[in-house]
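A short write-up of the structure that comes next.
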Amino acid sequence: MVYQVASKDDFNEQLKNAGGKLVVVDFYATWCGPCKMIAPKIEAMSKELTDVVFLKVDVDECEEVASEYNISCMPTFLYLKNGVKVAEFSGANESQLRALIQQHK
C-alpha cells in the first residue's frame, strides 16, 4: 500500500515508523501527466515489495516537505534508509525505480 502523506509531521512520523526499512517517497502533483502514468505501477510495486515503505507526497499540499528535499520537478523519487537519503531520481521510469529499490533495500 502507498501511504498518502498529509503533513510534515505525518511525513516524519512515517519515517520514524519505517525503522531500518527502505522508504521510497513519490513527490508528485495532481496536474502532472507522468505522475498519473506511474501511480498504478507504484501501487502494484507496494503490494509486491512488502518490505519497502512507499509514501506519496503532493508537492502542492505538503510544500514544506518538498522544499526540505529541494524537489523541483515531478515525479521525483527519493530513497531514504534510517531517515538518510541514499538515492534520488526524477521521471516516470519504472525500471529505474525498481533497480534503485533492489540496490538499496
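The chain as shown is numbered from 1 upward.
Cβ coordinates come from backbone N, Cα and C, glycine included.
Source: prediction; values computed, not measured.
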According to TrEMBL, the disulfide-paired cysteine of C35 among C32, C62: C32
For D26 (site 'Deprotonates C-terminal active site Cys'), the one of C32, G33, P34, C35 that lies nearest, given that the recorded positions are compared by Cα: C35
